[in-house]
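For reference, TrEMBL has these:
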type     : residues : note
TRANSMEM : 15-39    : transmembrane segment
TRANSMEM : 64-86    : transmembrane segment
TRANSMEM : 95-113   : transmembrane segment
TRANSMEM : 119-144  : transmembrane segment
TRANSMEM : 151-172  : transmembrane segment
TRANSMEM : 192-216  : transmembrane segment
Amino acid sequence: MPLYEQYHKQDPQRLAFMMSLVGVSIAALGMASSFWAAYDNLGSAIFSMRMDRLGDYLSSPLAYVYNISLLLGGACFILAMGGLWWQKHSAAASLLSRSGIAVGLGIVALGVFPYNELFAHQLAAIFFIASTLVMFTLCCYCFVSHRALCNLPLCLFSLLGIMSAIGLLSQLQWPSMNYASCSVQTLCPSIWFMWLHSIATVFAGLSLSATVYRLWHWSQPLND
């Protein structure tokens, strides 16, 4: 096969690697900047606040940054997982990439429907949490059966994500599909599950980016 055709076949791998890295970085930077701005206003009380309220236009000073970063980050993650699916590495990689696409759609939906639109936001959040639960479970499965797709850090973050996602879903109140409000003096499980779930998702996304890079690196043609 001519060299230019070999490199042309690497396009999906390059797309998956770059978009996964860019997408997670955009989301992480947007969350960090919004968190810092809210911390300046609230101090340590921010840790008693739901993380998705960083996108509340009425109370968060950089809500627009938070919501735009979710839109861009989710779109990039969809492209990344689409690139991973296009590689056709294995059936497990195909399932993992499809669950990743669902996670990306959930992230975009959270940016489209911020905390101010509470009912639509909760529907988007439930879809996002359920999608991450599937993705994290597949990551742990791949750690056992397809080590090329999941290393130890990704497995550990996935376990944290599974526990926090199950915790969040167990805290939902039906039919309002919202979490119970907690007083300032009490420890609110749903808030801590939400923070842990967000942290697990960000770091799992970075680990997936490294996984895509390894697959891309291994499949590159050698220059003789």
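Keep in mind that glycine also has a Cβ here, set from the backbone N, Cα and C atoms.
Non-local neighbours of the transmembrane segment (64-86) in the same chain are 12-20, 22-31, 33-34, 54-55, 57, 93-94, 96-98, 100-101, 103-112, 114, 205, 208-209, 212, 215; each lies 6+ residues outside the stretch with a CB under 8 Å from one of its CB atoms. Same-chain residues lying 6 or more positions outside the transmembrane segment (119-144) and placing a CB less than 8 Å from one of its CB atoms are 52, 92, 95-96, 99-100, 102-103, 105-107, 109-110, 112-113, 150-152, 154-155, 158-159, 161-162, 165-166, 168-169, 172, 176-178, 197, 200-201, 204, 208.
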